[in-house]
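Annotated features, as they stand in TrEMBL:
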- 18-261: domain 'NADP-dependent oxidoreductase' (DOMAIN)
- TYR51: active site, proton donor (ACT_SITE)
- LYS76: site 'Lowers pKa of active site Tyr' (SITE)
- HIS109: substrate binding site (BINDING)
Amino acid sequence: MSAIPTVTLNDGAWFPELGLGTYGLRGEEGIAAMVGAIGSGYRLLDTAVNYENEREVGEAVRRSDVDRGTLLVASKIPGRHHGRQEAVDSVKGSLDRLGLDRIDLQLIHWPNPSVGKYVDTWRGLIEARELGLVRSIGVSNFTEDQLTELIEETGVVPAVNQVELHPYFPQAKLRAFHATHGIRTESWSPLAKRSELLTEQILTELATVHDVTPTQVVLRWHTQLGSTPIPKSADADRQRENADVFGFTLTHDQLAAISALERGRLWDGDPNTHEEM
Ligand SMILES: NC(=O)C1=CN([C@@H]2O[C@H](COP(=O)(O)OP(=O)(O)OC[C@H]3O[C@@H](n4cnc5c(N)ncnc54)[C@H](OP(=O)(O)O)[C@@H]3O)[C@@H](O)[C@H]2O)C=CC1
Ligand SMILES: O=C(O)C(=O)[C@@H](O)[C@H](O)C(=O)CO
């Protein structure tokens, strides 16, 4: 398996084209799964205050035999920590739990519109970056309008927007907005939480054509769309399968056929209405 390629974010930092989701990876088993993933070549671990596994993520970084400087840890601020000073304090809390002296990518988890403080929270992340607590700053689950508001109010463009993205919800319009503004797209639930996606006929057909698995077809689709998928797997073999997607190329027509599976969100995770505290 070749190394996972990287891209450059709008702040000049490097960023992998594929990472590991860690929601649900907890305790010793979770740490072992993350250490194994790092050993298999993963360099980006995605966590959040609300995953309650930042301690495990930090421990996995320390137990791995890879230099800290070659690993990226991303975390996310929950709705209950929105506000300028609250955001800085939230980052400090994450750093304590991680046991690290820097978070590589800090995101706002959800805009939580009813709280009405995502612009202040963004100002807090800008301050956290100035304080050297975090390297890159971005958001998650932000719409075009919410991104525009952040940019107009602060002049700082998020490096990343991590959003629901999979063949059932390809987000073409939002991705085009990201491309225009130099925001890197990151795909959450990139396998649509496994669901029935992986048995779709077009995916099994393309898997045969390219001599790979349907999962690898889906993950390659993400990377060729210019998004960084963060599939979660607790299993070493599936982790290796998921990372080994850079040795084949889908054609333009094959990408379009996969995107034609579009049917909508997995659940009611509309950033305009969903509240996640
Ligand atoms: N910002 C946000 O609001 C959100 C962020 N996220 C992030 O995105 C990450 C990934 O999303 P998630 O919701 O976990 O869903 P995924 O789409 O990554 O699917 C995970 C499921 O797929 C299974 N799986 C993984 N690889 C394979 C494979 N090769 N073959 C068959 N099954 C496989 C896993 O099982 P197994 O472990 O047994 O392999 C698990 O059941 C999260 O862990 C989290 O970090 C997720 C939701 C929202
Ligand atoms: O996992 C996350 O990052 C979330 O934001 C949650 O909303 C998660 O997707 C969930 O619990 C869905 O039911």
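Here, residue 1 is simply the first one shown, and the rest follow in order.
Glycine residues also receive a Cβ, built from the backbone N, Cα and C atoms like all the rest.
Predicted automatically and left uncurated, TrEMBL annotations should be read as such.
Within the same chain, residues at least six positions away from the residue listed as 'substrate binding site' with a Cβ under 8 Å of its Cβ are ALA48, VAL49, ASN50, LYS76, ILE77, PRO78, GLY79, SER140, ASN141, GLU276.
HIS109 (substrate binding site) falls outside any helix or strand according to DSSP and counts as coil. Averaged over the domain 'NADP-dependent oxidoreductase' (18-261), the predicted model reaches a pLDDT of 98.
Under DSSP, LYS76 (site 'Lowers pKa of active site Tyr') is assigned to a strand (E or B) in the three-state scheme. Of all the recorded positions listed (TYR51, LYS76), TYR51 has the fewest other CB atoms within 10 A of its CB.
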